[in-house]
Amino acid sequence: MARTVCGCSWALIFIIMSLLVKAKIDVCKRGDVTVQPSHVISLGSAVNISCSLKPRQGCLQVSSLNKLILYRFHRRIHFQRGHSLSSQVTGLPLGTTLFVCKLACSSKEEIRICGAEISVGVVPEQPQNVSCMQKGERGTVACSWDRGRDTHLYTAYTLQLNGPKNLTWQKQCSDYYCDSLDLGINLPPESPESSYTAQVTAINSLGTASSLPSTFTFLDVVRPLPPWDIRIKCVNASVSTCTLQWRDEGLVLLNRLRYRPVYSRSWNMVNATNAKGRHDLVDLKPFTEYEFQISSKPHLQKGRWSDWSESLRTQTPEKEPTGMLDVWYMKQHIDYKRQQISLFWKNLSLSEARGKILHYQVTLQEVAEGNATLQNITERNSWTWTIPRTGIWAAAVSAANSKGSSLPTRINIADLCGAGLLAPQQVSANPEGSDNLLVKWTSPGEGATAVQEYVVEWRELHLRGGMQPPLSWLRSPPYNTSTLISDNIKPYICYEIRVHALSGDQGGCSSIRGDLKHKAPLSGPHINAISEEKGSILISWDEIPAQEQMGCILHYRIYWKERDSDSQPQLCEIPYRVSPKSHPINSLQPRVTYVLWMTALTAAGESPQGNEREFCLQGKANWSTFVAPSICIAVITVGVFSMRCFRQKVFVLLLALRPQWCSREIPDPANSTWAKKYPIVEEKKQLSLDRLLADWPTPEEPEPLVINEVLPQVTPVFRRPHHPNWPGKGQRLQGRHASEEDTGSSASSPPPPRALTAETGPAVDLYKVLGSRRPDSKPGNPVSHLTVLPVDYLPTHEGYLPSNMDYLPSHEAPITDSLEELPQHISLSVFPSNSLHPLTFSCGEKLALDQLKMGCGSLML
């Protein structure tokens, strides 16, 4: 089986070679192309190219029809009719040029006859800078040189090395571009001063060139191997006593070391003679990662430096921290007794930390008392306490590593925004480039000279995931009124920026919101509640998630329209505020269903609308439309009713129009204790007017009351008699017991009934006329038996007389004396006399009080 496969392979190779030979032969079967003087010429030389046809290879055996054409690549340069063609070509460029001869028997077809390649080149230049090198003690010798310009021809380079004792080593380079050769021999270190000579020869078709001989010794050409097994050791873990160690070849006498912190670009260089693989370093920084490299040389003056060793990266030991922390704080009131103090500090730099910071020690102490001290140890860069609002407090923060602690940074806790005169003015924040935010402000006017330092702080405006956003700050000298924020800032995030001006323990501040980049929010606010309050609605909403706000929100818009309405919605634009997330709207009509939604706006545009909510205002109509008329009517009514005359007339009208069933029950004086003990005098007995006037002197304060009967023609008038014992206003009179005789006489002798007659004299208060006899009175002195009822005894002096009084005297003797009194007459001229029906009755034995009505000076029977 193996023999069969081998035989097939050889047969295939033979067939391929036969085809190639036949193709070679068949290329120029119609003619030949010759080149004179050579196929290889130097630059600028001329060449003669000839093309001839072989016998019986022309066009139909007629030579006049043969047209030979010479092409240079694909461009026609010469043609001639006949069996041959000859042309001289000059100005050929460097490199190889192809010429092709073709036969044209017609204008449509050309037959290839043969072709030739002409190479144009130059004589090789003399090789320069021949140098040889041997890598390590056991390496081989390799030499390199500069070839010079390109010959554009195949050029062979030969390296020859001659040594002591007529030793010669030679090697030729077969590559087209050859500039180095490895002889594959090792020069022994036993004879470091022995001389060697190297020479390079270049040969091509146009000529030969040789380099100058290069002579060297073993020390000149040997290049030690790079050091290896590099390590560093520090005694007692102290950075001040660190030793770098490595391994080298035995012939090395000189070393050079370079090292640097990994974050630095410049190297520190150190030379070490006869170091024997170790060197002490005294200027290393603590807790710093360094990169170390070492190179070697076999001789102080001669020889070559080895390549740099592989880098060793290691961290030096720690040392106690140096420097002080940059501490900042925030103060927030919780209630009237407590406040919250939040301390923040920045990390120390690597050069200041000098080790891994394990924790921070924080102390908060009341300055005045000195006994209230709070201490804590934390690994974070912030701490928060709740302390009383009274007293002056100070804080101290220090950092600690495994070797010790830094000096504490002490600050006094003051109101950072308490001094209004120190507040910076015209604060602005604008993007600067693509990654920076430029904050500018102006000095605080009168307090500018007192400013010792500016502090610019910024933090994300919105909480993410319920966590407090980190606080960042920068300090600026008092002569600067701008700063560039580039750390801890991201695009499409809104930041609250505050500028503090500090002067001792006082400070003033101003704030603004800013963003690095912004675009329209991705979603709108979510309305979570709509409530009705006093004829208006209160809309409450949830904040847009921070990752969807896409910058600082400038305004909110509330849209509303009637449900199922195609009209344009109304809107209300609200400036952004952190809290509360609610706003009233008082322009909605009651009992109309509205659809409401909200959007948010940044400087880049408006967000999509949020959720829709329907609401119908169920409150009463707008009460404000009734307030003004009600106030006017009330003022007019109060003004009119302040006039007594008008008030009395209106009251009488209301009494006349009032239905009988709603009449007020009037107390009956006849049922009183006084009426039972002291019955009224008999009506038929006539009182002697002369005796009555003699016994009644003029009262000190007469209070006449006119009682008018509402009749078309008759108005009875009663006159109040004067009596020295008449009680003052508001006093009660003690009744007198009547004798049995008078009582019996009154009951048994009723007078004949008669009508009341009008009287032109002054009116008398009817209730004050009513009286009783004294217990010691006699029939001959009836006037002395009368006791006047006070006006205050009745429920009201403007109401009716009691309706259930037993009787009134059916007639009264006329009183004609001119008494000193104050007449009062009220005319009901606003009502026609026939509007009220006159009361007609027949006088019987008694006149009941339920037939008599009194009010505002009028008596109606």
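Quick reminder: no glycine exception, Cβ is built from N, Cα and C everywhere.
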Quick one: which of 75-79, 305-309, 575-579, 615-619 does Swiss-Prot have down as motif 'WSXWS motif'?
305-309
Of the residues Asn376, Asn671, give the one that Swiss-Prot describes as N-linked glycosylation site.
Asn376
Look up Asn371, Asn480 in Swiss-Prot and give me whichever carries the note N-linked glycosylation site.
Asn480
Out of Asn271, Asn622, report back the residue that Swiss-Prot marks as N-linked glycosylation site.
Asn271
Look up motif 'Box 1 motif' in Swiss-Prot and report which of 203-211, 275-283, 662-670, 833-841 it refers to.
662-670
Sort the glycosylation sites Asn48, Asn271, Asn347, Asn376 by C-alpha distance from Asn480 (N-linked glycosylation site) and give me just the closest.
Asn347
Whole-number Å distance separating the Cα atoms of Asn166 (N-linked glycosylation site) and Asn271 (N-linked glycosylation site) is 40
So, in DSSP terms, is Asn166 (N-linked glycosylation site) helix, strand, or coil?
helix
Please report the Cα separation of Asn376 (N-linked glycosylation site) and Asn129 (N-linked glycosylation site) in Å, rounded to an integer.
73
Euclidean distance between Cα atoms of Asn129 (N-linked glycosylation site) and Asn48 (N-linked glycosylation site), Å
40
Give me the long-range Cβ neighbours of Asn271 (N-linked glycosylation site): same chain, 6+ apart, Cβ under 8 Å, in sequence order.
Leu254, Asn255, Arg256, Leu257
Could you give the Cα-Cα distance between Asn347 (N-linked glycosylation site) and Asn129 (N-linked glycosylation site), in whole Å?
57
